[in-house]
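Read the structure below first, then the notes.
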């Protein structure tokens with residue numbers, strides 16, 4: 001996006017050449033970082049020590065680049081069993097404070113999900129192993145590779161003794177996989193200090209929707225996680241002694257969770273109460289449940305009332321996205337999706353809510369035949385929220401719906417519905433300067449326009465930054481769709497890692513130009 005003969009284009013070419021020449025060094029650094037078992041999920045002292053070691057490595061790396069680095073004490077974490085473990089420090093680092101330049105803040109995390117060779121890894125998960133251009137290792141794509149790609153871009157300017165085009169700040173944590181413990185408090189505390197000069201926030205903690213085509217992410221779904229407890233008594237029952245003479249909690253719970261697949265599609269948006277009043281002949285006699293039908297449609301009355309309208313501009317975004325449905329289905333190992341077109345699938349992943357049933361606590365689930373009637377069971381389900389759904393309204397709708405269904409069973413058991421977790425959806429303005437700069441940088445490095453995508457999952461940090469700092473937030477992913485974050489054989493392609501380092505360098509220059 002720069003004139004080939006301009007000084008900026010010549011500088012960018014030199015930066016790209018430097019990155020290409022030093023790519024083996026960059027891969028070696030990633031290998032050293034992957035070797036640190038920075039697992040934040042398993043609360044054991046050894047792994048906490050590894051997390052502290054990982055954060056110290058990163059702080060040293062940033063200091064070596066000339067950054068001022070503050071490793072902020074995270075305090076301690078109280079676990080349910082009473083154990084206390086230290087929280088690894090959160091790194092706040094900055095390079096440059098020129099008031100004429102924009103200040104871009106990069107967020108990343110260096111903790112990982114658990115990984116063991118015996119879980120199905122083809123190689124040692126903590127030994128970065130290259131096979132056919134793929135760099136396998138836990139944390140390679142989530143999120144050590146992208147953090148290092150940003151650092152690689154900075155190091156290229158530093159090595160050539162060139163001024164950075166932008167002021168850069170880093171916020172790097174070590175507890176993201178465990179819920180970003182202590183992060184929100186720090187962000188709020190530093191709002192008028194560390195973040196006061198920040199103009200833009202960039203997050204690179206997600207993936208493309210393609211194997212080869214880059215993407216920009218401008219939205220994520222939120223999440224409301226519910227538990228529904230049905231209780232007769234604290235002890236279990238013997239089915240031979242009590243079976244047939246009481247309301248079984250498990251039967252009540254299944255009735256609350258099970259779908260209404262037999263309900264005519266034309267009536268699915270109506271509440272059960274309305275149907276019983278106006279169309280009793282259409283309601284199956286054995287109607288018990290309640291949440292979602294076999295086509296994925298949520299059956300809670302009013303749940304779709306406040307969705308953001310679908311605009312023509314948004315429709316065109318879905319049409320332009322590069323998604324091979326057959327490849328997507330095969331890589332997902334799913335026989336058939338609920339929808340047949342690319343646009344329908346993307347909209348139901350990103351812009352419509354979904355309800356998933358996750359499990360039942362208190363049920364017998366081990367091998368064998370145990371003739372027990374659980375005395376108390378807890379069902380777990382969640383609803384992925386989208387703009388403009390209101391979390392408190394959804395909570396009320398869910399509780400009222402389940403209470404109504406339960407009342408129709410005339411059960412003597414007790415039922416309690418609770419919302420255990422509530423996270424808002426996030427949506428960005430794709431016309432912000434940094435989205436334009438990123439599009440231009442992608443065109444320069446990859447020779448193509450990016451897919452403009454949302455993420456069906458929830459990334460709370462995006463909302464936190466947008467709400468607290470009140471600055472533009474952008475997600476600029478580097479990883480391919482098949483990188484397998486959180487899964488066995490997680491990897492990042494060497495090409496993504498090295499070209500991603502160039503992408504960040506080009507992004508710095510584009511941001512400076514736009515500013």
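Every residue, even glycine, has its Cβ placed from backbone N, Cα and C.
Unlike curated records, TrEMBL annotations are generated automatically.
Listed in TrEMBL for this protein:
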- 109, 142, 205: Mn(2+) 2 binding site (BINDING)
- 111: active site (ACT_SITE)
- 142, 177, 486: Mn(2+) 1 binding site (BINDING)
- 176: active site, proton acceptor (ACT_SITE)
- 219-405: domain 'Peptidase M20 dimerisation' (DOMAIN)
- 238: site 'Important for catalytic activity' (SITE)
Pairwise CA distance, residue 142 (Mn(2+) 2 binding site) versus the residue listed as 'active site', rounded so that it is a whole Å: 9
Packing count at residue 142 (Mn(2+) 2 binding site) (other Cβ atoms within 10 Å of its Cβ): 25
Additional residues surrounding Mn(2+) 2, by Cβ distance to the 109, 142, 205 centre under 8 Å: 108, 143, 146, 176, 177, 204, 485
For residue 205 (Mn(2+) 2 binding site), the number of other Cβ atoms found within 10 Å of its own Cβ: 24
Nearest of the recorded positions (111, 205, 238) to residue 177 (Mn(2+) 1 binding site) - Cα to Cα: 111
Of the recorded positions listed as 176, 238, 486, the one whose CA lies nearest the CA of residue 109 (Mn(2+) 2 binding site): 176
Cβ-based neighbourhood (8 Å from the centroid) of the Mn(2+) 1 site, residues 142, 177, 486 excluded: 112, 113, 139, 143, 176, 485, 490
Recorded positions (111, 176, 177), the one with most neighbouring Cβ atoms at 10 Å: 111
Proximal residue to the residue listed as 'active site' among recorded positions 176, 205, 238, 486 (C-alpha distance): 176
Which listed residue (109, 238) has most other Cβ within 10 Å, given these are recorded positions: 109
